[in-house]
Amino acid sequence: MGKRIHFIPILVLIAFVSLVGSMAATLVPSRGTHVGFYSTTCPQVEAIVRATVKSHFQLDPTVAPGLLRMHFHDCFVRGCDASVLLVGPRTERAAPPNLSLNGFEVINDAKSRLERACPGVVSCADILALAARDSVVLTKGVSWGVPTGRRDGRVSLALEANNALPKVNDTIQTQRKLFKSKGLNIQDLVTLVGAHTIGTTACSVFKYRLYNFSTTRNGADPAMNPSFVHQLRTLCPKNGEGSPNIGLDISTPNQFDTSFFSNLRNGRGVLESDQKLWNDPSTRAFVRRFLLKGSLGLNFDLEFGKSMVKMSNIGVKTGTRGEIRKICTMVN
């Protein structure tokens, strides 16, 4: 979004001021959120969300990567305002990239519990941010302080979700441009994509890499390790449905660790966009550092928390903007 300054007519100036304000909300981490925002109004908020996520996780571990992905999808469209939770035929939730999201029932349950404890106080956007952090902890990741104080948005459009979310065949240039538009740098890109250390995807999402990649004689993506191609072809046969769920980190799909980056180094990235993190020099440098020990390395757990805080402050609504929904699936 470029800055175009006009001094006349006055309506254009007003539009410009509005534009700059919108850019600032998107690119600059909000000063309206902080850790402990509910310390006096709802001091038990984190304990309630944590207990809710844990109870659902014990019944269905897939809610952990589901909630983490949901938070990402929320923040990249209109900012972190819980717009992804709104139900309707043309809302973000109905957009193709969001049809496979899961974990909505966890947020709804946490909201119900919080409305009983602290009516009208805690936003759905904050519940989702806290639940994403708790999901990482439940999968053996490290916790971080989550700034709260977001308010919920009133607008949710499927078309915006279609245009704003990354695609599985995006180039690194496209990924970098998208993340930069949200105020996130190259290290944030590599770090946040590292969330794929947990979770699964369907064969249909990446099957073209195994059989229909246009640049090779055998149909496979040359960036893939040949033994990995064979392994995935067994799981995802050309003329069959195959396994319903394939781990994005096929080594330890249920544990938050750095094996996802090891897989990329070894040509074992499931998604094309993930594998490109190793193939491109600008992102490979950070993948390598996450695999290094000592002063030259980067601590993935620590850096992930930092990048999540940055992401969770994209375009947040605070103060009098937005609302505190009574029910997360609908505006008040």
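Residue positions begin at 1 at the first shown residue.
Cβ coordinates are placed from backbone N, Cα and C, and glycine is handled just like the others.
Annotation source TrEMBL lists signal peptide at 1-24.
The domain 'Plant heme peroxidase family profile' feature in TrEMBL is assigned to 32-332.
Positions annotated as disulfide bond by TrEMBL: CYS42-CYS118 (among others). A C-beta separation below 8 Å, combined with a sequence spacing of at least six in one chain, links CYS42 (disulfide bond) to LEU114, ALA117, CYS118, VAL121, VAL122.
For ARG69 (site 'Transition state stabilizer'), the same-chain residues lying six or more positions away in sequence with a CB closer than 8 A to its CB are LEU101, ALA195, GLY199. Residues annotated as site 'Transition state stabilizer' in TrEMBL: ARG69.
Annotation source TrEMBL lists active site, proton acceptor at HIS73. Around HIS73 (active site, proton acceptor), the C-beta neighbours below 8 angstroms that are at least 6 residues distant in the chain are VAL84, GLU92, PRO97, ASN98, LEU101, ALA161, LEU165.
Here TrEMBL flags ASP74, VAL77, GLY79, ASP81, SER83, GLU92 as Ca(2+) 1 binding site. For GLY79 (Ca(2+) 1 binding site), the number of other Cβ atoms no farther than 10 Å from its own Cβ, over all displayed protein chains, is 23.
Note: CYS75 (disulfide bond) has non-local neighbours LYS182, MET311, SER312, ILE314, GLY315, i.e. same-chain residues 6+ apart with C-beta under 8 A of its own C-beta. Taken from TrEMBL, the feature disulfide bond covers CYS75-CYS80 (among others).
What TrEMBL records for CYS124-CYS328 (among others) is disulfide bond. A C-beta separation below 8 Å, combined with a sequence spacing of at least six in one chain, links CYS328 (disulfide bond) to ALA82, LEU85, ILE107, ASN108, LYS111, CYS124, ILE127, ASP152.
Every protein chain shown contributes to the tally, and the Cβ of PRO166 (substrate binding site) ends up with 18 other Cβ atoms within 10 Å. Residues or ranges marked as substrate binding site by TrEMBL: PRO166.
TrEMBL lists HIS196 with the feature heme b binding site. The C-beta environment of HIS196 (heme b binding site), restricted to residues of the same chain at least 6 apart in sequence and closer than 8 Å, consists of LEU248, ASP249, PHE260, VAL270, LEU271, ASP274.
Summarising the annotation, TrEMBL assigns Ca(2+) 2 binding site to THR197, ASP249, THR252, ASP257. Taking Cβ-Cβ distances under 8 Å and a sequence gap of 6 or more within the same chain, the neighbours of THR252 (Ca(2+) 2 binding site) are THR197, SER259.
All protein chains shown were included, and the count of other CB atoms within 10 Å of the CB of CYS236 (disulfide bond) stands at 21. The disulfide bond annotation in TrEMBL covers CYS203-CYS236 (among others).
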_Inter-residue C-alpha distance, ASP257 (Ca(2+) 2 binding site) and PRO166 (substrate binding site) (nearest angstrom)_ = 23
*Out of ASP74, ASP81, GLU92, ASP249, ASP257, which of the binding-site residues is least crowded by other Cβ atoms within 10 Å?*
ASP257
_Number of other Cβ atoms within 10 Å of the Cβ of CYS118 (disulfide bond) across all protein chains_ = 16
*Would you mind reading off the Cα separation of CYS236 (disulfide bond) from VAL77 (Ca(2+) 1 binding site), to the nearest angstrom?*
32
*asked:* I'm trying to understand the geometry here, so how far is the Cα atom of ASP81 (Ca(2+) 1 binding site) from the Cα atom of CYS203 (disulfide bond), in Å to the nearest whole number?
replied: 31
*To the nearest whole angstrom, state the Cα distance for the pair PRO166 (substrate binding site) and VAL77 (Ca(2+) 1 binding site).*
11
